Structure formats: C-alpha cells, structure tokens
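Report on the structure given below.
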Amino acid sequence: MDYDPEKHPGESAFSYSARHPSIVDDNNAVPGESFEVGDSTYAKLQRLAGRFKIEQRGIERVPDDERTEGAFMGLLNVGTMWLSANMVVSSFAIGLLANGVFFLGFVDAILTCLFFNLIGVLPVCYFSSFGPRFGLRQMVLSRFWFGWWGVKIIAVFNVLACIGWSSVNSIVGAQLLNAVNNDVPGYAGIIIIAVCTFFVTLFGYKIVHAYEFWSWIPTFIIFLIVLGVFAHSGAFVNIPMGVGTSEMGSVLSFGAVVYGFATGWTSYAADYTVYQPVTQSRTKVFFATWLGLIPALLFTEFLGIAIMTATTADGGNNRWMDGYTASGTGGLLAAVLFPPLGTFGKFCLVILALSIIANNCPNIYSVALTMMVLGRWTRVVPRFIWTAVATGVYIAIAIPGYYHFETVLSNFMDFIGYWLAIYEGISVTEHFVFRRGFSGYNPASYDDGKKLPPGFAAIFAFCCGIAGMVTGMSQVWYVGPIALHAGEAPFGGDVGFELGFAFAATAYAITRPIELKYFGR
C-alpha cells in the first residue's frame, strides 16, 4: 500500500510515512528536505517505535477512520484525564499561597479561588471540543488564528510553559518525598518523578489516557484522609475576611495565580480529544472537561487554604508552621499526617508525591507535539525523542529551583496566566467574530501556509496584549502603573491577565479586518 493523496486528503506524504514507516520509499520525502525517508534515521526510529507500540503520530491530522475512541469512552477519558491531572498535590500547593504569600483569610481566599477557577477553566473546556471536530492538536489549530509564522511564537511560549509546569510540579513532589525521608534529597525526588512521567508519556495518547483514567482514585482517597485527620485535630483557624485597598490587591493577585493554574491547560486542550469521532457532541465534551477540572481544583485548593490557616494559630508557634518552614508543602502535610497516623501517614505522603506524575503527563506529552510546530526540521525528530529531551531539560531546571519554591510557583503561575490570557483574547475573537464558529474553518489547509492567515494582526495584537499585561502586572520586581491603583502601595493588585486579554482582543478586532482586506485570508 502506497501513499495516495486522493485517498488521504489533507495529509502529506510525510505524515503518512510517520504512520506507516515500514512501507514508505524515497519518493515520499518531505518537500524541501534532503534526507531519504526509507533509510533515514527518522524512519528507523519510527519502525522501532512501532515495534514497541509507541505512538508514531506527530501533529498530522487524525483521519476520520482512525478516530477509534468511542463517543462515551471519549467523554470518560477526557473527564478523568483532567480529574487526575488536577487531583494532585500541586493544586493543593496553590491553596497554600492564599495565606502564605498573600495573607488572605479563609473566607475571602475561598471566594477568590471559586470565582477565578470558574473563569479559568472555560477556555480549556471550549477548546477541548475542537479536537473531535477537526482532529488537530491545539498548537496546530492555533495556525488558523496566528498564521503559519505567528504560531511559532506561541509555540515557544507553550514549550516554556510545559517545561515550567513540569519543573514546578516535580519540586512539589520532591518536597513530599523529602518530608517522608530526609535521606531522599530534593534532586533525587525530582528525578524519580521525572523518570516515571517519561515512561507514561513515552507510549503516547492511549497510555496517557489509560493512566489518567485511574490515577485520581488513590490520590482522592489520600486527600480524604488528610481532610479527616485535619478536621479531627481541631486546628482549623477561620481568619476573618479582610477589608480595604490592601485586601483588594491581595484578592486580585491571588486570583491571578488561581486563574493561571486553572487556565494553564488551554494551550493543549484539544490534544486529548483528537481521537474522538467527528460526530461527538461538542457540548458533552465541554461539560465532561468541566466536570473533570472544577471538582478537582476546588477540592484540593480549598483543602490547602483550610490547612494553611492552621499555621497562623498561636502566632505561628505550632507544628503546622514548623513543618511548613522546614519543608514547604511536604512539611505541612507531614505535620497533618505523621503524628496521628505514623508510618501509614508516610505512605499517604508518598502516594501524594507520586500524584505529580498525573499532573506532569499532559505537559510532557504536549511539549513534544509543540516542538513539531516550530519548523519542518523539528518534525524530522520523532515525538518520543522530544519527550526525552524535554524530560532532561525540566530536571535541570527543577533541581536548582527546589530551594526557592514559593517564589518560583507564584511568579510562574502569573506568567502562565498572562500569556494564555493574551492567547485566549486573540483566538476567541478570531473564532467568534471572524470565523463565526466552527463552519469557518477548512481543516485540510492546516499545513498550507498560503491558505492560513498571514499572522500580522495576531502578532500585533499579541504585542498589545503584552503592553496591557505590563501595565497591570504586580510582581516583586515590577509593579505596573494600573496595578498600583488596584491595591495598596507598593505592590498594588495584579490585573495583568485581565488587561492582557482586553488589549489583545481589542487590537485584534481592529487590525484583523485590515489584514483580511489586503490578504483575503
């Protein structure tokens, strides 16, 4: 069986060779490339991957006849995917920042967490519904909004986000392992989590979904035990809600962190629904994703907020604060579990540490796909090789970042929220205003730069979004002029993601008609 463009519309010879590396010949080389497919290292690696049942597909569109994931099973898979990815100790650690960094009381922290999570998950849920309709990964879909060249800028941001997520998450897991056994240094815990994540993501889409389908269950049970033990201790402290300008600034800044975590999956939402049938209900995909995200995020973050308030009891002179000071998130959970549960408490902490694998799987699987968007040369490297490279990079970043976790976590979450808000502002405007919904796309042109938008309007709007972000951001190293008025000096309140979205969407709505007039695409 040979490649036939009439039988495989919208698919290049290169993508066909990726799926069937054993049957290609030298005539099916990628246009513009100088290597021979049949005898190339790429082909040999793909054949090796096929032998071990490793997913060979890269960013090529998934044909309708290969969408073998059943409609009902697809909904279960996407729901449990996000349930497992967020029912983790990293989500719990976000809740700790409410009081630990922003000095919020329990009630105002809970309300902030609820509101910003509800906003943050909406783009993830909506873009997940693009996967069944088009069979394209999220970064490839982004070509329809940012153009062939503009999307490369977005891809760079996404690579940084995936690597950063994985680094931050592995630090949390390593803290827990260190709290269980001080003889396990931070770097060892990071390497353990990274290697386990690599072996899950190595095999691709189906294995990632299979792992995520079940991994939330033991983690959820352990969190219930944490909740029960903490409630029984009577250590809960209900800090009253604050008032005034400083309170507003803290709410906005913590809200930016919560939003960044919740919306952080947006840039690869469609990656995990591409094998669902084209007839799949978009509404059902939306709510299956929502049901996976919201319960996990709220439960874990609310629990983190509640437990962190205990550190303020007796002026901070208690075992909760001692544990948190000694080993961050891991030390705090150890203070909850170890005295009443002993050895079983340590077992619980190990399970929570390993939950990081479920959180890192989407990052490391999707970062490889994102790399393939950067250029045709990156597509010559099989997906699983990029997975290995990304694993090594985030290990190298996480080890030195282990000793500055709170600062790294807060700043990184803000970065995620900023750039994704800009991305969302442009993509949502293009989708609803200019393409007027799903009917405005020709998915077969996803790999043809001449049929995609030039990207000038998107790049200009992205720059405008950055300008909005800068005026509204509130960081230790810089506070924007608008942020200063959103809270009490000198830190103000962080409104960077809100202004980034607004500036980007407005600029795109103004400049995209001009681009359409002159380029017609």
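Yeah, the Cβs are placed from backbone N, Cα and C, and that goes for glycine too.
For 82-103, 109-132, 144-166, 186-205, 217-239, 251-275, 287-311, 331-359, 380-403, 415-434, 455-479, 491-511, the entry in TrEMBL reads transmembrane segment.
The transmembrane segment (455-479) and the transmembrane segment (144-166) are in contact, since at least 3 Cβ pairs between them lie under 8 Å (pairs 6 or more apart in sequence). Long-range contacts of the transmembrane segment (415-434) within its own chain (CB-CB distance under 8 A, at least 6 residues past either end) are made by residues 120, 123, 127, 142, 144-146, 154, 157, 161, 164-165, 256-257, 259-261, 263-264, 266-267, 440, 453, 458, 461-462, 465-466, 468-469, 473, 496-498, 500-505, 508-509, 512, 516. At the 8 Å Cβ threshold, with sequence separation of at least 6, the transmembrane segment (287-311) lacks contact with the transmembrane segment (144-166), having fewer than 3 such pairs. With respect to Cβ pairs under 8 Å, the transmembrane segment (186-205) is most closely packed against 380-403, considering the stretches 144-166, 217-239, 380-403.
Outside the transmembrane segment (217-239), and at least 6 residues removed from its termini, the chain residues within Cβ reach (under 8 Å) are 84, 87-88, 92, 99, 104-107, 299-300, 303, 306-307, 309-310, 312-313, 318, 320, 333, 336-337, 340-341, 348, 351-352, 355, 358. The largest share of C-beta pairs under 8 angstroms with the transmembrane segment (144-166) comes from 380-403, of the ranges 109-132, 380-403, 491-511. Under the criterion of 3 or more C-beta pairs below 8 Å, with sequence separation of 6 or more, the transmembrane segment (82-103) and the transmembrane segment (380-403) do not qualify as touching, having fewer than 3 such pairs. Among residues of the same chain six or more beyond the transmembrane segment (491-511), those with a C-beta under 8 A of the stretch's C-beta atoms are 248-253, 255-256, 259-260, 414, 417-422, 424-426, 428-430, 433, 456-458, 460-462, 464-476, 479-480, 482-485.
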